[in-house]
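Before any comments, here is the structure.
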Amino acid sequence: MAKTIQAIRGMNDCLPTQSPLWHKLENAVKNVVSVYGYSEVRMPIVEMTQLFSRAIGEVTDVVEKEMYTFEDRNGDSLTLRPEGTAGCVRAGIEHGLLYNQEQRLWYMGPMFRHERPQKGRYRQFTQCGVEVFGLNGPDVDAELIMMTARLWRELGIDKHVRLELNSIGSLQARADYREALVGFLEQHIDVLDEDCKRRMHTNPLRVLDTKNAEIQAILGDAPKLSDYLDEESKQHFQGLCELLDSVGIEYSVNQRLVRGLDYYNRTVFEWITESLGAQGTICGGGRYDGLVEQLGGKSTPAVGFAMGLERLVLMLETLELDSVRRGVDVYVVTAGEGTLLAGMKLAEALREEVPGLRVMSHFGGGNFKKQFKRADKVGAAVALVLGEDEVSEGTVVLKDLIGGTQNTYPQAQIVTKLAELV
Ligand code: HAM
C-alpha cells in the first residue's frame with residue numbers, strides 16, 4: 001500500500017461530526033453582527049508580505065516568526081494572512097470605502113500563523129473580525145464590546161468569560177512612556193532574560209507581558225502607562241468605562257494589557273476565559289486610528305476586534321453546550337418493485353412542503369432490517385417505509401425510531417405529521 005499523506009501539523013480537518021457545532025456557532029456570530037447592521041466583506045487569503053509587515057509591525061512576534069511567507073512564480077513575496085485587519089484596511093483604501101465615510105464591516109475565515117500548536121492554538125485557525133471606520137468616539141468602542149457580550153449570552157458562555165480593558169494612549173504618549181520604560185529596564189538589566197533584553201530595544205511594551213515570574217515581580221515598580229496618557233485618550237477611556245458601566249458590562253482595567261500587534265492606540269481589550277487553559281483569550285481588539293494613513297489612505301479613525309472560533313468551539317464542548325440537531329429527521333426505507341422511485345419522489349415532495357426538514361433516502365438495497373440500522377446510524381428520528389402495498393394504496397408507514405411505534409397514514413397526511421419534527 002502507498003504511504004499515506006497527513007495534514008500539516010496545526011492545520012485541522014473539520015469532520016462531519018464536528019460541522020454541526022461549527023454551523024451553530026457561525027450562525028450565532030452572523031446573527032449578532034447582522035442585528036447591529038454590519039456588512040460582510042471578504043478579502044483574499046494571500047496578500048503582499050509588505051502589507052502585514054507595515055501594518056502589524058516589523059518587530060512583532062507575528063511578523064518576526066509566525067508568517068507563512070513565500071515567493072510566488074513571479075518572484076513577489078506573498079504571505080498567507082495571519083489576521084484580517086490589514087487586508088480589510090487595504091481593501092477599504094483600494095475601493096474608496098473609507099475616505100469621508102463610515103463603514104461597519106465584518107469578515108470570517110481562515111488565518112495562518114506558524115505558532116507551536118497546542119490546545120486552542122493552531123497554525124490554521126478561523127477568525128471572525130469586525131472593523132469600524134470613520135467614527136472616533138468611545139460610543140462605537142462600547143458598541144463593539146456590547147456586541148461581543150451579546151454573542152456570549154446567546155452562546156450561553158457569558159458566565160465563563162471576563163473582559164480586560166486598557167488605554168494605551170496616543171502615539172506620542174506611547175513614545176514618552178517607552179522612553180521611561182526603557183530607562184527603568186536598563187536599571188534592571190541583570191534580571192531580564194534574553195527575550196526581554198531583545199524586546200527592550202525593539203518593542204519594550206511587550207516586556208510587560210512576559211511570563212517570567214521574576215521579571216513580572218520587578219515590573220510592579222515600573223513606570224505606569226496610565227501616568228503618560230494624553231488628556232484626550234484619558235477622556236476617551238473614561239467615556240468608554242462610563243458607557244460600559246451604564247449598560248452593566250463588567251470589566252477590569254489591566255494596565256499591562258498592550259496586545260501583540262503594533263497598530264493599536266487608545267482602547268485595547270481582550271475577552272478571557274479560564275476554561276481553556278493557557279490559550280484563554282477568545283477575542284481581542286482595540287482602536288487603530290493611525291493604520292489607514294500608515295497604509296497610504298487618508299487619516300481615518302478605526303476600531304475593531306477578532307475572535308478565534310476554534311477556541312469558542314472548544315469552550316462550547318468543554319462546558320457541554322454543544323447540543324446540536326445532528327443527522328437527519330427522516331430516513332426513507334423502500335423494498336419491492338418500483339418503490340425506490342416512489343420513495344425518492346415522496347422525499348422530494350416532503351423537502352418541498354416542509355421547509356428545513358432533512359430527508360435522506362436509502363440507496364443500495366437490502367432488507368428492512370439493514371435499512372433501519374442505517375436509519376439509526378444517521379440519527380434519523382423517524383423512518384418512512386414504502387413497500388409495494390403502500391405504493392399501490394398511496395399510503396406510507398411512519399416508524400418512530402425513538403419511541404418505537406409504527407402507524408400507516410395516507411401519503412397526503414404525512415406532511416402534517418412530519419412538520420412537527422422541524
Ligand atoms: P489577535 O489577538 O492576534 O488579534 O487575534 C484575535 C483572536 O484570534 C485571539 O484572541 C484568538 O482567539 C484567535 N487566535 C489568534 N491566534 C490563534 C491561533 N494560533 N490559534 C487559534 N486562535 C488564534 C487580531 O488578529 C486583530 N486583527 C484583532 C483586531 C481586529 N483588532 C482590531 N481589529
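Counting begins at 1 with the first residue displayed.
Cβ coordinates are placed from backbone N, Cα and C, and glycine is handled just like the others.
As recorded in TrEMBL, the features of this protein are as follows:
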- 21-316: domain 'Aminoacyl-transfer RNA synthetases class-II family profile' (DOMAIN)
- Glu83, Gly84, Thr85, Arg113, Gln127, Glu131, Arg259, Tyr263, Tyr264: L-histidine binding site (BINDING)
Residues among the binding-site residues Glu83, Thr85, Gln127, Tyr264 that border ligand 1 - Cβ under 6 angstroms, in sequence order: Glu83, Thr85, Gln127
Among Thr85, Gln127 [binding-site residues], residue with fewest other Cβ within 10 Å: Gln127
Structural state of Arg259 (L-histidine binding site), classified by DSSP into three states: coil
Predicted model, mean pLDDT over the domain 'Aminoacyl-transfer RNA synthetases class-II family profile' (21-316): 95
Neighbouring C-beta atoms (10 Å sphere around the C-beta of Tyr264 (L-histidine binding site)): 24
Residues Glu83, Gly84, Thr85, Arg113, Gln127, Glu131, Arg259, Tyr263, Tyr264 binding L-histidine per the record - widest CA separation, whole Å: 21
Assigned element (helix, strand, coil) containing Tyr264 (L-histidine binding site), judged by DSSP: coil
